[in-house]
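Chemist: First the structure, which I've put down as structure tokens, then a few questions once you've had a look.
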Amino acid sequence: MTNIRSAIAKGAVLTMAVLKTCHGFYVPGVRPHEFISGEDVPMKVNAMTSVHTQLPRDYYRLPFCRPTGGPKMASENLGEFLTGNKIQNSPYSINMLREVNCQVLCQVTLSKVEAHMLGKHIGYGYHNNWIIDNLPSASLGHSQAGMQLKHYAGGFPIGFISPETNEAFLYNHVNIVLEYHNPDGKEGHRVVGFAVEPISVKHRYVGGYEWDGESSEGFTKPLDTCVAGEHMDRGNVAEFQRVAEGESIIYTYDVIWRYSETAWASRWDVYLNEDHMVPAQVHWYSITNSILVVLFLSLLVVSILVRNLRRDIAGYNALEQLTDEEKEEEQEESGWKLVHADVFRPPSSWPMAYCIMVGSGAQIGVCGLATICLAAIGFLSPARRGSLMTATLVFYMLCGCLAGYISSRLYKSFKGRQWQLCTLLTATTFPGLCFFVFIFFNTILAFFKSTASVPFLDLVIVAAMWCCISIPLVFLGAYFGYKEDYITFPTVTSTIARAIPEPTFFMKPLVGVGLAGMVPFAAAYVELFFIMTSLWMDQFYYVFGFTLAVYLILIITCAEVTVLLTYYQLCAENHRWWWLSFFTAGSPAFYTFFYSLFWFRSLEASKMLITYMLYFGYMSLICIAMMCVTGSVGSLICLWFIRKIFGTIKVD
């Protein structure tokens, strides 16, 4: 017993070491840019985001300062467009190692419409997302005790609402804090840190000067609210900048340079350091809990199945060796052998739909596994914006061969005749559902003028990838699947189906399916919380080593629970196991959807209907995909298991 505990402990330590390596390593992916002193350091602005509305907005939708010649789009990949990024240039002038104190950027006088829009966006909690040298801006603030706080995800707020007066105030001044590193004393310097401290201040010129916002004199006149030679301090602010019609807002900024010993290759570590998000122990507790669940379930399945199957097989084979008179004297047969003539009977309802869902689930599952593996070794780090979405699309298309092959082999074994229709539906059902839901939401988002609405050209690209690559690959896989021989079954199916006895309460399929999903969900729900937070609350998610472990644990637990439940259903003489195995393994998806209903409260969502539609629409798609993945695993493992056990007994 001591040796077993020691082996388990060593295995857990080794697993944790591997996971730590996986999530702590990433490939920077781009060559470092070295800026010489005085060189222009361009700053870009991304779309504004809010966790309360889930509607990204164009930065220049609001009355902010615009660059000379108007904003220009930065080059973006397909994944960035699909995830709602809209990166543009900015009017801020930043030069390497050149500090700036209270530099006037522009002046904007708010109209009634602009004041209303600005106040509404502040009320919805929108955040600015700025970028310098591919680094997103961290947010600097202060706690009630006066301690400086630094938040690395989600950008910084555009303003705040006064709890006393319910008035909106704008952050019209920013302290841009940049950290640089000079490797080996070279001439060039590398940007290794970027943070923004937003401050609201009602600016006034010295001597009561009134600026029209256009003459060059306003850029050089001293401000009464700024101290010459010193950076802006929020503690010295006498009056905040209100948001109201007719208010003249002067935008200013400071640039502060600080030397850092952080190397360029590790500059993303502060963004991906779990101590800024959640304590590291939470992930370890989650993994430990999941591993213990798998070990306990594995021991349970092995002890029950091996013991019972060995006894059943030995008893059935011994019974076959008796004479007819001896057989009559023996107790009447009972158990899973009685359904040998019906156990491989094709599903009585929707056999084609079963093949389509199992094939689609295999495609999504392998796609997810490949994407998570690439992310775990660092090729899809957050430094590569849109790479995760792009990789998912590419892997999904390439896995179309697998979907066509599995669905065609199953459908051929069911002796189906409409193989063209089965292949076409395999290629179009799930991706078609996702595409048309996406088109529907994209149309609504375009109506709301959100940057989450994908341009028409990118929609054409996605549709072309689906029609010209994914669908042909599914047909290619189906071609090889139909060329294969029938899946051989160890028993012969009878002409007339055997009647199924009335089951007890706990042996009813619906009860079993409902209870079976609890175990896999319990093994994965802690990590699911972090994934949901990253997905809907603009947090960086980087611990793909943990994700890979939890993904495999989910697959294993679903397979084990499904095999166990299917075995007991066969013992109860219920031979309709095809759909039962699919929904038993897919039942964690229902628990995930119910969990998302309760988790939705943490968003503190606005009363906009589109927010609810986006959240529950996309969560429904995620849960359908999850059900297909785990359901296909359960179905295929049960097919293997049943062929094995019925192949070991002698049947007349």
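Every residue, even glycine, has its Cβ placed from backbone N, Cα and C.
Just so you know, TrEMBL annotations are computer predictions that nobody has curated.
As annotated in TrEMBL:
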type     : residues : note
TRANSMEM : 284-306  : transmembrane segment
TRANSMEM : 354-380  : transmembrane segment
TRANSMEM : 386-407  : transmembrane segment
TRANSMEM : 419-448  : transmembrane segment
TRANSMEM : 460-482  : transmembrane segment
TRANSMEM : 510-536  : transmembrane segment
TRANSMEM : 542-565  : transmembrane segment
TRANSMEM : 577-600  : transmembrane segment
TRANSMEM : 612-642  : transmembrane segment
Chemist: When each of 284-306, 419-448, 510-536 is checked against the transmembrane segment (354-380) for Cβ pairs under 8 Å, which one has the most?
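Modeler: Answer, by Cβ pair count: 419-448.
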Chemist: Any residues 6+ beyond the ends of the transmembrane segment (419-448) with a Cβ under 8 Å from its own?
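Modeler: Those are 55, 352, 355-356, 359-360, 364, 396, 400, 403-404, 407-408, 411-412, 454, 459, 462-463, 466, 470-471, 474-475, 478, 482, 610, 613-614, 617-618, 621, 624-625, 628, in sequence order.
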Chemist: List, by number or range, the same-chain residues at least 6 past the transmembrane segment (460-482) whose CB is under 8 A from its CB atoms?
Modeler: 78, 82, 393, 396-398, 400-409, 412, 419, 422-423, 426-428, 431, 435, 454
Chemist: May I ask for the residues of the chain that lie six or more residues beyond the transmembrane segment (612-642) and have a Cβ under 8 Å from a Cβ within it?
Modeler: 54-55, 343-344, 354, 357-362, 364-365, 368, 406, 430, 433-434, 437, 441, 444, 487, 520, 536, 554-555, 558-559, 562-563, 566-567, 570, 577-578, 581-590, 592-593, 596, 600, 603, 605
